[in-house]
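Written below as structure tokens is the structure these notes are about.
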Amino acid sequence: MLVTELGQVYAFGKDTYSELEPGSPAAKAISTPRLVESLQGIFVVQTAIGNYFTAVLSREGRVYTISWGSDAKLGHGTDHQDQKPHQLKGPLEHVPVVQIAAGYCYLLALAYQPSGMAVYSVGCGLGGKLGHGTRMDERYPRMIDHLHQLNFKPIAVAAGAWHAAVVGQDGRVCTWGWGRYGCLGHGNEECEDLPKVVAALGGVKAVHVATGDYTTFVVADSGDVYSFGCGEASLGHGKARHHENLLSPELVLPLKQRQEKVVQISLTNTETCNAHTLALTQSGRLYAFGAGDKGQLGMELLNDENERGMPELVDINLG
């Protein structure tokens, strides 16, 4: 999905569950960006594509979702193939939201409160990924109160398929949800139903976090990058460690050796199939690593190659 400066949204890709409205119940490929006409009248500033649904954030701070609304799982009781946007009902109706993140059948929202920023979650609670101390579904957005108990002031959220992460104003990082392969960074593979500070990042001031299926990347204010979780999805530590799971955060040395300040990480939401990662630097350079058999790294591979374990420069300058 692409958002224009005028607040319009264009979508393209595989439209299996009417995520890319307009669509039909049958899967089809939309290969050319197409205006999402149902969003006309809504000035969109951000989109988030989750499994089975899409969410958009308006300039006024309202959240709308498309598809997968059956049983009021996302705050509206419509058919799961309803292709019209519906505003989230409940606590966020009159609370301005500044960021959204979507995962496997759930949504996170960073919202403004008079007392400071707060994180809300709604949808499927499997694995404890909603952060409320249970694994129950939530039909309406619910504030994650435990962050306040940790004296944690959130500034950015990330939603993986089965786990979530948030960056605090003081640079701390909290994770929760399904801990498979060590994706929570707590030194084990245990699930966490409540947000928990990643102690191993105690000396790091984080400014950005990105989550995949069972992987997590953290960007520090220095531009250093730390990764942990499933090794099948490249964590950037070189070919020798390409398939090694990391239960705790480790500095991605190959990126540091580039002597570039990384500002953002983007990764695929999959653990085994064609997983790859992109790192954007302050200078506008783009580095890629992971699976590249379908051209997703933006570089030519040798005949016997299907991946790159080390971050390599993509021949495009975004400066």
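The backbone N, Cα and C atoms fix where each Cβ goes, and this holds for glycine too.
Positions annotated as domain 'RCC1-like' by TrEMBL: 2-267. The feature repeat 'RCC1' is assigned by TrEMBL to 7-60, 61-113, 117-170, 171-222, 223-283, 284-319.
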Would you mind giving the whole-number mean pLDDT across the repeat 'RCC1' (171-222)?
97
Just give the helix, strand and coil counts over the repeat 'RCC1' (117-170), going by DSSP.
7 helix, 25 strand, 22 coil
